[in-house]
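Undergrad: Before I ask anything, let me first share the structure, which is written out below as structure tokens.
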């Protein structure tokens, strides 16, 4: 069973390594951190290794999306860093998903280390049904589209997906416990939604079937970040 506090992944959505380390030192109770694209580009792969050396868990959110061979190569290199979770885009198709999962597994076996769990990103939480239909020309509802991509993830051999809490329940209903579900777009009651469009409270997300919650601004931008994190832990522990 996952410890309650480790079900909350705090997003290090900061511009550089010094700022990231300030947060890590300020919030020692956080054991699982997300390193996204901006921080990874700014700080480099060494940051992931250094976080792991501190005994922390790392969600490397790169959202890889390219031809299968290119993604496989990137996944092999990521495996050397020791990240616990790694994202690729489900829209890359089953061949790309399978290439990612296989590359991580084989490289990890060669190195004698655990492989990162590859997560297929379904639909970004900044998008809604209007964007899906008017801009992307996808007529399915977000729920049906995400469920379809979750099926691709399963067929492609990846162990989990990233989806909003709104779709997590539908994915669980269709696929049961076959996939790990990580949900961003988490906003405690009363928190600002900002650029997220499909959000839920922490407890709603857990009840919908999420295994892990990704929380950024509601913790880092809170007047008391430690108290904000503790409140989320308490909420989902009920």
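Placed from the backbone N, Cα and C atoms, the Cβ positions cover glycine too.
Found this in TrEMBL, in case it helps:
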ACT_SITE  61  active site, for OMPdecase activity
ACT_SITE  63  active site, for OMPdecase activity
ACT_SITE  63  active site, proton donor
ACT_SITE  66  active site, for OMPdecase activity
BINDING   13, 34, 61-70, 125, 187, 196, 216-217  substrate binding site
DOMAIN    7-232  domain 'Orotidine 5'-phosphate decarboxylase'
Undergrad: Given residue 125 (substrate binding site) and residue 63 (active site, for OMPdecase activity), what distance in Å do their CA atoms have, once rounded to a whole number?
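TA: Checking the Cα atoms of residue 125 (substrate binding site) and residue 63 (active site, for OMPdecase activity) gives a distance of 13 Å.
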Undergrad: Please report how many Å separate the Cα atom of residue 13 (substrate binding site) from that of residue 61 (active site, for OMPdecase activity), as a whole number.
TA: 11
Undergrad: Once near-sequence residues are set aside, which residues in the chain of residue 61 (active site, for OMPdecase activity), 6 or more away, have Cβ atoms under 8 Å from its Cβ?
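TA: Result: 11, 34, 35, 36, 37, 85, 87.
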Undergrad: Output the one of 13, 66 that, of all these recorded positions, has the highest number of other Cβ atoms within 10 Å of its Cβ.
TA: 13
Undergrad: Tell me, how many other CB atoms lie within 10 A of the CB of residue 216 (substrate binding site), whichever protein chain they belong to?
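TA: For residue 216 (substrate binding site), the 10 Å Cβ neighbour count is 19.
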Undergrad: Count the Cβ atoms, other than its own, that fall within 10 Å of the Cβ of residue 63 (active site, for OMPdecase activity), considering every protein chain shown.
TA: 17
Undergrad: Across all the protein chains here, work out how many other Cβ atoms are within 10 Å of the Cβ of residue 125 (substrate binding site).
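TA: If we count other Cβ atoms within 10 Å of residue 125 (substrate binding site), we arrive at 25.
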Undergrad: Non-local Cβ contacts of residue 62 (substrate binding site) (under 8 Å, 6 or more apart, same chain)?
TA: 36, 37, 40, 74, 78, 86, 87, 88
Undergrad: How long is the line from the C-alpha of residue 66 (active site, for OMPdecase activity) to the C-alpha of residue 216 (substrate binding site), rounded to the nearest angstrom?
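TA: A Cα-Cα distance of 27 Å.
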